[in-house]
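Undergrad: Can you keep this structure in mind? I'll have questions shortly.
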Amino acid sequence: MPLHRVEALGEPQDRTGKTFSGRTNGPISSPLTDTERRMSIPQNPAPVNLVGLSREEIAALLRDMGEKPFRAKQLWHWVYHRGETDFSAMTTLGTPLRAKLAETCVVARPHVVREQRSEDGTRKWLLRFPDGNEAETVYIPEDDRGALCVSSQVGCTLTCRFCHTGTQLLVRNLTAHEIVGQFMAARDAYGEWPSPTDESRQLSNIVLMGMGEPLYNYDNVAKAIGILLDNEGIAVSRRRITLSTSGVVPMIRRCGAELGVNLAVSLHAARDEIRDEIMPINRKYPLAELMAACREYPGASNARRITFEYVMLKGVNDSEADARALIKLVEGVPCKFNLIPFNPWPGSGFECPPIRHIERFANILFEAGYTAPIRMPRGRDILAACGQLRSDSLRERASLHKARLAAGVADDHAPAAAPLADTPGAVA
């Protein structure tokens, strides 16, 4: 398959089928069925979505069209710097090229199924991809800027007991097109095209802390980060991208060597016996191995510290002894902590400790020389806070909707009818 076909909106339709000649020396066959007739007609391949293509792939696509190399830079500028979706508006491209692109390509974002806004300004989008699967993306505002929390998988395979996403089994990895598309859809919503300067942009940071484990989808995540970093396109600074992992030890080293982005580690316990219970991945990569990988992370220094995320769970990991064990555990790692009050979700079985307990925990870390802010919940009222993301499948939502109606319960959350293809253009 040619390189430029990798990120098509959908697989080409099946072109196999019987060959029927107009003349035959044998007996006359029976009339074609409707299905056979449709199969015998050649189908056009699905359009190529330019979002998610690398520079090399865009260059290959244009080369196959007979275009000169400089056109790749121009097209890159229109797609990733200006966010343009209409080929006719790409005025630096020749008219014949624009016509060819319009016939064979699209510049599409994921379809926005639902947008929710929190009282604190947090925004959450439920995005649908061409195959009907969905993921959530969250914008977290901070004064005049903010971070976009991006998902890397539909569902998650890790089943961390305190995380709502972990209750949704892994469906599949997101492609580079779908990861980059989340950011571009958010830019559409905020009108941040062309790419603004670092000082003026609202979507200033990207955190790969949404649904899924990024290091279990490394190739697609790495490709997406490369596109996001390119200073002639979306142009997000490397120091403003943070990748969060639950502790996939072998991939932590590779991430540091190849990507060099900020690293956050979902730690949540200082002792193996506790972490084994709340984070099953610890049974494969225990704390000693995880800390060794963190100490070796390229670029980690006092000026660029690893962030350890620590969800405070009442009676589980919030004691003074836990705080002291944490200090001993991270010795030799340039790091800081984010203490996260547990954000409840239906059926979790956990509780958040009283704030005074969390403050006491933070003070112990602070007195040992570590920065340990308490990260106050954002978007909790729309289930957009840390650990609350989950995108039920269309089938699950339809089943729940049917059950509610059968029980005579009013339901304002019926599954929306939407095309199983990306939505070209700006987000509504």
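Any Cβ shown, glycine's included, is placed from N, Cα and C.
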Undergrad: Name the residue, out of Ser195, Ser200, Ser204, Ser244, that Swiss-Prot lists for the same S-adenosyl-L-methionine site as Gly212, Glu213, Ser266, Leu267, His268, Asn343, please.
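TA: Record source Swiss-Prot; matching candidate: Ser244.
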Undergrad: Under DSSP, is Leu267 (S-adenosyl-L-methionine binding site) part of a helix or a strand, or is it coil?
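TA: Assignment for Leu267 (S-adenosyl-L-methionine binding site) reads coil.
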Undergrad: How many whole Å apart are the CA atoms of Leu267 (S-adenosyl-L-methionine binding site) and Cys149 (disulfide bond)?
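TA: Cys149 (disulfide bond) has its Cα 18 Å from the Cα of Leu267 (S-adenosyl-L-methionine binding site).
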Undergrad: Name the secondary structure element type, per DSSP in three states, that contains Asn343 (S-adenosyl-L-methionine binding site).
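TA: DSSP call for Asn343 (S-adenosyl-L-methionine binding site): coil, neither helix nor strand.
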Undergrad: Assuming the binding residues for S-adenosyl-L-methionine are exactly those in the record, Gly212, Glu213, Ser244, Ser266, Leu267, His268, Asn343, what is the maximum CA-CA distance in angstrom, rounded?
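TA: Greatest Cα-Cα span of the listed binding residues: 19 Å.
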